[in-house]
């Protein structure tokens with residue numbers, strides 16, 4: 001399951017509540033596009049902004065709307081007890097896999113993080129992805145810690161933050177990681193702008209933000225890479241440069257939120273306060289970028 | 001109220017629940033020592049690890065145990081709606097003031113943060129402290145943003161992360177800040193090791209971690225500074241160097257948690273998982289440091 005394109009949908013918020021209809025619309029597009037998996041309640045899904053009941057409900061809606069596409073649910077929280085509760089809710093909702101980031105308020109040690117994964121995986125019934133996202137968790141994994149956690153039961157994949165820009169360096173990095181991790185354990189790249197390089201370097205999966213809102217271009221890149229046509233994967237990714245630039249300037253979440261609105265999937269304002277949407281001038285830039293990549297909005 | 005020593009107590013956790021008896025013991029010591037205010041549910045009070053009902057209960061207990069000492073309650077949360085709910089609970093519990101940090105998962109802009117404070121202060125009945133703690137919030141305030149927020153209703157003080165080590169630079173910095181902030185608006189230093197320098201430089205308050213567990217040495221420093229004896233304040237602070245070194249190595253929270261146990265106030269394990277306590281070797285170092293500063297444990 002943790003291979004190919006894993007698409008991470010937005011959880012639209014309207015009037016400070018989950019916009020359930022809009023969320024179902026977003027997920028149904030991913031099902032219809034036949035992405036390989038759906039990663040609900042990731043960073044793009046605003047998991048840290050939702051209450052436990054909201055998260056449980058979003059997990060249910062995601063599984064329902066995803067049809068045959070397996071759904072991975074983010075279960076991260078500051079406290080181990082809350083992570084375990086989220087894992088129970090997600091499994092009850094029918095999650096095929098779970099995604100766990102070591103989110104921190106107080107700085108965590110490697111031993112804290114290892115114990116977190118050890119405690120949480122003790123009682124799981126589905127596989128789990130290590131979610132390494134230092135930009136939001138403020139925790140930096142070592143490769144040794146990946147390897148210790150990968151040996152725990154149910155741990156099956158890692159979402160890495162990106163790969164070196166240079167392709168030989170990227171390949172060496174992924175080969176080195178694979179050597180340290182168990183057989184069959186998959187490595188998924190994130191940081192959409194480096195996904196084509198990551199897939200070409202031997203990543204098994206792309207945990208994708210853009211795939212959650214524009215699944216087709218992301219699938220095209222993934223399928224090209226999977227058939228060994230790395231040139232085509234890179235060229236397709238290069239065509240999306242206007243989006244990668246907007247992601248770098250504004251953060252991927254706020255840009256995807258604008259795209260969701262421009263596609264008619266959500267209300268204009270769809271992020272949880274205090275996260276403000278981007279202003280009208282940026283909306284126009286996003287619209288122009290979408291036109292340049294052939295998306296009609 | 002936002003002057004002198006504001007002491008920030010630990011919220012002890014036992015078996016993943018708030019250890020209410022231990023918390024009351026910790027707060028009662030601060031009341032008995034006559035600190036100027038008590039800052040419950042700050043970073044040292046693990047506010048981000050507790051549910052809304054747990055936070056409401058801790059606020060009630062703090063106000064009850066504090067007697068005549070005014071209690072400031074931390075209300076920070078990722079979502080504006082949750083901050084507003086926490087503010088309501090804290091005011092209902094009898095908080096004399098509130099403390100708000102712009103905690104972030106997604107990186108916040110200055111405009112997001114301004115709107116957060118504007119939305120929250122709209123309906124307060126008690127004064128509020130801006131809590132600037134970039135090490136845990138991952139948001140960096142500009143002085144201009146302090147000034148914009150300070151003009152909002154009810155905003156009365158700022159907890160700054162520290163001051164320059166050199167005393168002339170510290171004085172210039174605090175004078176410069178005071179010039180940009182409204183009359184009567186107070187500036188409180190945090191970062192305990194730089195508190196004596198900060199008070200000597202013109203800070204009106206010390207928002208103190210060590211004051212939450214060893215109120216007397218912190219009061220001695222504060223009173224010396226308040227009477228203009230900055231030499232004595234610095235010398236008293238220098239005597240606590242063994243503690244400042246432990247804070248720098250392990251983070252103040254984990255060290256204070258050990259002190260709380262060594263003082264017989266809490267169970268040996270008193271932090272929320274996944275935050276592990278420090279190991280036995282460090283306990284012994286903390287005990288030795290306490291002996292060196294004349295605290296018998």
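Glycine too: its Cβ is placed from the backbone N, Cα and C atoms.
Remember, TrEMBL labels are computer predictions, not curated facts.
As annotated by TrEMBL, active site, proton donor/acceptor applies to A:131. Per TrEMBL, active site, schiff-base intermediate with substrate is recorded for A:159. What TrEMBL lists as pyruvate binding site is A:44.
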If I take the alpha carbons of the residue listed as 'active site, proton donor/acceptor' and residue A:159 (active site, schiff-base intermediate with substrate), what is the distance between them in whole Å?
5
List every residue in the same chain as the residue listed as 'pyruvate binding site', at least 6 positions away in sequence, whose Cβ is under 8 Å from its Cβ.
A:8, A:9, A:10, A:209, A:212, A:252, A:253, A:256
What does DSSP assign residue A:44 (pyruvate binding site), in three states?
coil
10 Å Cβ neighbour count around residue A:159 (active site, schiff-base intermediate with substrate)?
26
CB contacts for residue A:131 (active site, proton donor/acceptor) [other CB atoms within 10 A, all chains]:
28
